[in-house]
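Per TrEMBL, transmembrane segment is recorded for B:22-44, B:75-99, B:120-149, B:155-177, B:189-207, B:245-266, B:304-322, B:349-369, B:402-426, B:446-463, B:470-492, B:512-534.
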Amino acid sequence: MPVISIGNLVKTFGAIRALDGLDLHVEQGEVHGFLGPNGSGKSTTIRILLGLLRRDSGDAQVLGADPWRDAVRLHRRLAYVPGDVSLWPNLTGGEAIDLLGQLRGGLDRRRRDELLHRFDLDPTRRCRTYSKGNRQKVAIVAAFSSPVELYVLDEPTSGLDPLMEAVFQDEVRRVKQAGATVLLSSHVLAEVEALCDRVSIIREGRTVESGTLTELRHLTRTAVTVETARPVTGLDALPGVHDVHEVDGRTHLEVEPAHLDELLGQLIRFGVRALTSTPPTLEQLFLRHYGDDPAATATGAAAVPASPGPATVGASDVDAQADAPRGGAR
Amino acid sequence: MSALTGTTLLARLVLRRDRIRLAIWVLGTPLLGYALAGSVAGIYPDQETRQGYATTSASSLVARAFNGPIHGTDLGAVVVAETYVTLALIVALLSTFAVTRHTRQNEETGRAELLGANVVGRYAPLTAALLVIVGANTVAAVLLTVALAGAGLPLAGSVAAAAAIGGVGVAFTAIAAVTAQLSVTARGANALAAATVGLSFVLRAAGDVLGEQSADGTRVRSAWPSWISPLGWGNQVRAFDGERWWVLALPVALLLAGVALAYALAERRDQGAGLIAPRRGPATAAPRLLSPTGLAWRMQRGTLLGWAVGVAVLGLSMGVAADEFDDMIDANPAAAEAINAMGGGADLINAYLAAMLGLFALTIGAYVVQALLRVRGDEADGVLEAALATAVSRTRWLGTQVLAATLGAIALLLLAGVTTGLGYGIVTGDPLGQAVELGGAALLRLPALLVIAGVVTAIFGLLPRWSVALSWTALLVFLLLGQLGAVLELPQAALNVSPYTHVPAVPAVDPAALPLVVLAAVAAALLAVGVAAFRHRDVPS
């Protein structure tokens, strides 16, 4: 049973369509990365999942219940870390953690003290005197002190130093081990790569991609540089090969992973002397999804935006690929 | 001077942010002054009535305490006696809040940091705020001069009276400039400055009560405490009675001293820090904090304590003053009429006590609004989001806040009645009996306060973004209907809008159950609307 199941979700604020038919499925026990550029609707989705905002249309289920109608019952079973933590300025950090935990239905005191120690947080200071990172720690400690089924984390590590980032990752792994599900919205790609079983990428209120990182990689082209004995010809005619150009006797091109085999078959006839193949980096993967002109994607026009990196070229062809069965390359 | 770089630009920012507030302030005070001068002229048209007014005012300790010292029988002097304290208090509080808003509040929210990283001198933000606020006081004073002279008062006196009120604004601008350096929070800075306003009022009242009546009986020569109160200085200008212009140098001197001190403090402290260092607190929460109710009490207790002190002091002094009230009434038909309108006829002492309890109910209405608007404050800064993401329902959260505000209102009403009764009883020899009777009478005002709570809750549910402005406006409308409605001869239908209109003026009249039940029902309906609306709307971040 999916822990979070969202279908065709729509939310408007006046004339602005913040969510425009969003889909999101998070399975029991997984750490699910929730990615997208600023303003793409991640926090709006999370607020709907928490019953803070009311959806205009579409389906939303959290732990098998309606997040708006059953908000209070659901909130006993989940913990939330907001992206921009505000706290009661005149309470101490320790008091705020205890209060949030108690309002949620109780917390594990031993874990709380252990987390305070691990995150190196002074609980006797007033919340108004905390830095952004320390306020973030208060919310993280309050959330992870509660043994719940679902953790909803909205950019939880913005403002944490690398040491604390590592502690945070340990905690996510620990709750996962215990069987909990985590929805993690983040811009820290290393964190996503280290933690997430699956990711969903959204843009302008719509899901554009969803799957494991390996699956997503297959949707993005590999950059190939090849040096041959004789000048290469006939590459343009091959399916899935793009952006062929020659510099100093070397041929540079991009190929969709599904067509790598055919490309190699063609190259080998010209006497390969050297060949490098670079799979897309995570950054390229996201830049492609974040930076594209969505109109081009939608209409299938071959628009080539002037963004850096080979992964941004010819988006429309690759998106057509997204409909094909996954994992066809191997 | 590089420490002032960017002042002009920042002053324009202040003007841009406050263009509506400043316009209301600068135009509103002269208009209010004009209206009040006209109505006073209608009530005291000739020398004979003014002679009576001046003699009574000079001999009555109550009049001295609340209206300040009277200076002769000129119409202008009567206008000043009737309006100075109100206008001066308004201007003092407006100036105070404006200074905090453009200095400490910017630091608290981090805006000052964003600005300070640009080509902006260390003193520029404070200087820009002071320029605009002193400027606003100056413009308002010029317009008030025009208004008073336009109402037919002598020009020299009009200038002096308007400058006296502007001087109060300038003096408290200087005081707020210093308190903004001391406290880390805008709330704390405002509280410190408002406490200074209160202290000034008490010092001035004491100095005027202890003063001497002149030989002809129409003047009061204040004692020394009035001279250490910036609120008292305005009276010492003696507008319309041989103006003493040099007194106006006092607020200017205070401004210079205050600015110098504020600069010196700003020079020595870090951005965002205060001189009152934040204390550490407990590492774990006490069990009584760990519920919405416990949290509401923790958030309210400081405010409630402040209110309780103010109410108790005011209640005792109003009660003690009641006894000498008769003397004042005899020679002051207008005041008798006003008290009658407020208190509803009958025995004048009881009418006075009923009117005082009515005033308390109005004032405590401000506490109810302030307490309930915390929910909106929490929503605006995102704390509400954190709370509602836990297993607390919206109904419980909002209900707890309403309950806390109601309990606070009950406590304050009871305190107001009991202290007034004690004060009056000490003079008449029956403190306990009076305390019980007036305590009970005060509690009868509760249904009106419940309606206020209902109005704020309904506004919060239906129009959250407008909560602050609309709630205070509603209270102000109720206040004006209650205080000026009868004098302005408004139709009963208009007066009926205010819940205070319907509260039986006990002890001046017998208590009646029906209006109270109806008020409670209206309050319940408004609360239900507010809670239902809150349950069905988004909680925006």
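Residue positions begin at 1 at the first shown residue.
Heads up, the Cβ atoms here are built off N, Cα and C, so glycines get one too.
Sequence-distant contacts of the transmembrane segment (B:446-463) (same chain, at least 6 residues past either end, Cβ-Cβ under 8 Å): 361, 364-365, 368-369, 372-373, 375-376, 398, 402, 405-406, 409-410, 413, 470-471, 474-475, 478, 499-500, 502-503, 515-517, 519-520, 522-527, 529-534, 537.
Across B:75-99, B:155-177, B:402-426, the stretch most heavily in contact with the transmembrane segment (B:189-207), judged by Cβ pairs under 8 Å, is B:75-99. When each of the listed stretches B:120-149, B:155-177, B:402-426 is scored by C-beta pairs under 8 angstroms to the transmembrane segment (B:75-99), B:155-177 comes out highest.
Same-chain neighbours of the transmembrane segment (B:120-149): 1-8, 10-11, 13-15, 18, 22, 25-27, 29-31, 33-34, 37, 76, 79, 91, 95, 98-99, 102-103, 106, 112, 155, 157-159, 161-163, 165-166, 169-170, 173, 177, 180, 255, 259, 262-263, 266-267, counting only residues six or more beyond its ends whose CB sits under 8 Å from a CB of the stretch.
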